[in-house]
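Read the structure below first, then the notes.
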Number of protein chains: 2
Amino acid sequence: MQRLILDQDDFERRFTRIVNDRRESDPNIDHDVREIIQQVQTGGDDALRELTMRYDKHPLTADLASWRIGKDQCKAAYDFLDQPTRDALELAADRIRAFHERQLPKNSDWRDAANVRLGSRWSAVDAAGLYVPGGRASYPSSLLMNAIPAKVAGVGRLVVTTPTPRGMMNDLVLAAAHVCEVDEIWRIGGAQAIAALAYGTDRIRAVDVVTGPGNAYVAEAKRQLYGVVGIDMVAGPSEILVISDARSDPDWIAADLMSQAEHDPLAQSILITDDAGFADAVEDAIDVLGAQIETQRTALRSWEDHGVVIVVNDLEQDAPALANRLAAEHVELAVDDPDAMFAKIRHAGSVFLGRHTPEAVGDYIAGPNHVLPTGRRARFASGLSVLDFMKRTSFISLDAGSLAEIGPAATALADMEGLPAHAASVKVRL
Amino acid sequence: MQRLILDQDDFERRFTRIVNDRRESDPNIDHDVREIIQQVQTGGDDALRELTMRYDKHPLTADLASWRIGKDQCKAAYDFLDQPTRDALELAADRIRAFHERQLPKNSDWRDAANVRLGSRWSAVDAAGLYVPGGRASYPSSLLMNAIPAKVAGVGRLVVTTPTPRGMMNDLVLAAAHVCEVDEIWRIGGAQAIAALAYGTDRIRAVDVVTGPGNAYVAEAKRQLYGVVGIDMVAGPSEILVISDARSDPDWIAADLMSQAEHDPLAQSILITDDAGFADAVEDAIDVLGAQIETQRTALRSWEDHGVVIVVNDLEQDAPALANRLAAEHVELAVDDPDAMFAKIRHAGSVFLGRHTPEAVGDYIAGPNHVLPTGRRARFASGLSVLDFMKRTSFISLDAGSLAEIGPAATALADMEGLPAHAASVKVRL
């Protein structure tokens, strides 16, 4: 953890270093991933069999159950949950669905003054693939956050791929797949899963969009296959920026900072406050909470390596400018007038307004998507939405009259660009 | 050119080959591009100077005019145009602006039944970079189509980079830059320009989004820097699918097919009709028109290598299914009831309805963007829009009451996922 004080000489230098620190491992795996993709593209199911044995020690056999997890298995996993957990999952799904239904875009169709008919029509992609990682990052909430926008968009075929190392499945993920009515679940992970989704094999039909988190191999495979399929934003380690005055409870703020830190040793928690004493109290509270939680090893490592406390003079004045430079994934505004501060914040993935809005409610239950731009990408990127599973077709319709009105300008521009067939296609109709 | 007939035995095999033919050169330049990017990232302006000398034979000196093209030069280029061309440019700009203004997304802010305040707020990126290629593909219309959506989105700083080989500038592009009120034009091209826009140098401040067409180096640089900056879709050679019955004028349809073919030897023009005699007439008309146009070399090469004529039995029935598999960039419906057919077409970049709507009006003047998904990417991607220059921040606000209502479900899910600090951040507030 490091503390920066706005008034100190080295502030700008140190803050700039934090802004530029991407915290993203960039292992040299382009080549390995390219080989895996090529192997799946040419070898199909045989390649998947070989790679899944090599990386997951899971044999894909003639028995379809070794390849796919059935809907009955998902239902059984759901039925096995205790009632409060089941209710919580259903409430989360309902709230996420309600939020994303409001994102559905509207079609347009109008005539302008030149009697040209114009418009746009939105439609869902035919099929979407969701990657669900194995191990620590295998979260049922993540499946909800990826699958529900796809369903709301109207995607007809929703495919999940997930590694089942040594055959091991995550029952919570299966229960979530039941809630989201996933159509197919394939027991395949890594770059090979992304390649199978992008190119298709005899068993697995290709999809149009691939989303979902994954390790470095999965991320690199998505990057390489961008354009063959649509993908969501490349995601890095999670981060939170809490802007708090001294009137917040230090225990609340400490828990918020730790909730981000416990995700990943590379996660980053930043506090901006205008009160050094409050900062001390939060740090103390982190020591206390950190000693209690099972995830302490990860959380304290993240806090030690990447945690930042920034003490400014005037919170209203100083904090938004710093927040815009950080362009953080999550921004919590634990102040009396969060709206006034939010009005000054241009770059943030999601904003949590007021002291009673811990970031964790956004991870699970509030409704907005928890798949958000990390690593300063909120400067240009948005959270996952139904739009990631849809596309827009524009359309134009002219008649003889409207072509006579605007056509000559098109031929003038075509002539200027030296494209005579373009000009001819208008002139021949005039 | 090849002709396929739906009834023939080899149709499915041949049509599948056309669907899968990406026509995209994939030269092995990853490594070269990675080196150029690294050189600019570490060497900054010195690297730009060296690379611009090497690739464009243009010396970037101490004189700022060797680096930048001034607004006065753009104005002079605009003033030099004849009146009809100037009017055509202005009409195009006005119509493109009017269309894109309707794309501006709406913010939302509401309270749900649990008294949770939720919403989304859209904002423009701070700065956008537009690449304008040199040589054959340097089109003023392309600058309009990239710059105007950025301006409409509200982008504060609009930067163009373009190569000026041996110092040569394209006056038409400068005139278009004047119309679009571009803020800066840098005389730098290739992968080095994309790297400069993404990372920034002493002279050129970094931008948040990079769009615009370019050669294979530019496309690969955008792919590699995706995530450092936002980018538009990777674009391949252009394509048109014309669906026409025998009541169209063969000369009109021939011109439409040629207008696509004249772009690039790798461009593709496809005609689907239900009348073999009409197909013959169109082919004959292409021979006639092809002999007349200055771009005949490119156009006829494209038509010979990639042109396709497909004869089906029932246009209403057969054509939409084939169109959806092709997911073409441009789809022209030269039939009596284009709306009925459009209703069946799910995958297309832009659709041109009716016999009086040649695709070229969409390239220049109609209003919708001409930057459209190619190579079957209309399955999942959309044309360029104001949304490419904006991002969405979601927000959540709870009070003690609403947290009490939905908080317990969040803690249940956090417990289930083994994230105790997430649970603690809610519990401590209850």
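Glycine is no exception: its Cβ is also placed from the backbone N, Cα and C atoms.
Automatic prediction, not curation, is the source of TrEMBL annotations.
Secondary structure at B:GLU329 (active site, proton acceptor), as computed by DSSP, is coil. Contacts of B:GLU329 (active site, proton acceptor) defined by a Cβ separation under 8 A and a same-chain sequence distance of 6+ are given as B:SER238, B:GLU239, B:ILE240, B:ALA348, B:GLY349, B:SER350, B:LEU372, B:PRO373, B:THR374, B:ALA378, in order along the sequence. The active site, proton acceptor annotation in TrEMBL covers B:GLU329 (among others).
For B:HIS330 (among others), the entry in TrEMBL reads active site, proton acceptor. There are 26 other CB atoms within 10 A of the CB of B:HIS330 (active site, proton acceptor), with all protein chains counted.
Here TrEMBL flags B:TYR131, B:GLN192, B:ASN215 as NAD(+) binding site. Neighbour density for B:GLN192 (NAD(+) binding site): within 10 A of its CB lie 30 other CB atoms from the protein chains shown. In three-state terms derived from DSSP, B:GLN192 (NAD(+) binding site) belongs to a helical segment.
TrEMBL lists B:SER238, B:GLN260, B:HIS263, B:HIS330, B:ASP363, B:GLU417, B:HIS422 with the feature substrate binding site. In this view, B:SER238 (substrate binding site) is surrounded by 27 other Cβ atoms within 10 Å of its Cβ, with every protein chain counted.
Per TrEMBL, the feature Zn(2+) binding site maps to B:GLN260, B:HIS263, B:ASP363, B:HIS422. Neighbour count (other Cβ atoms within 10 Å of the Cβ, all protein chains): 25 for B:HIS263 (substrate binding site). For the recorded site, B:HIS263 (substrate binding site), the DSSP three-state label reads coil.
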- Note on the structure: Across all protein chains shown, the one of the binding-site residues B:ASN215, B:GLN260 with the most other Cβ atoms within 10 Å of its Cβ is B:GLN260
- Message: By the criterion CB under 8 A from chain A, which of the recorded positions B:HIS330, B:ASP363, B:HIS422 would you report?
- Response: B:ASP363, B:HIS422
- Task: Count, for each of the binding-site residues B:TYR131, B:GLU417, B:HIS422, the other C-beta atoms lying within 10 angstroms of its own C-beta, and report the residue with the smallest count.
- Result: B:GLU417
- What are the non-local neighbours of B:ASP363 (substrate binding site), defined as same-chain residues 6+ apart in sequence with CB under 8 A from its CB? B:SER141, B:HIS370
- Task: Find the longest CA to CA distance in the recorded NAD(+)-binding set B:TYR131, B:GLN192, B:ASN215; express it in Å as a whole number.
- Result: 12
- Item | B:TYR131 (NAD(+) binding site) - helix vs strand vs coil (DSSP) | strand
- Message: Measuring Cα to Cα, how far is B:TYR131 (NAD(+) binding site) from B:HIS263 (substrate binding site) in Å?
- Response: 18
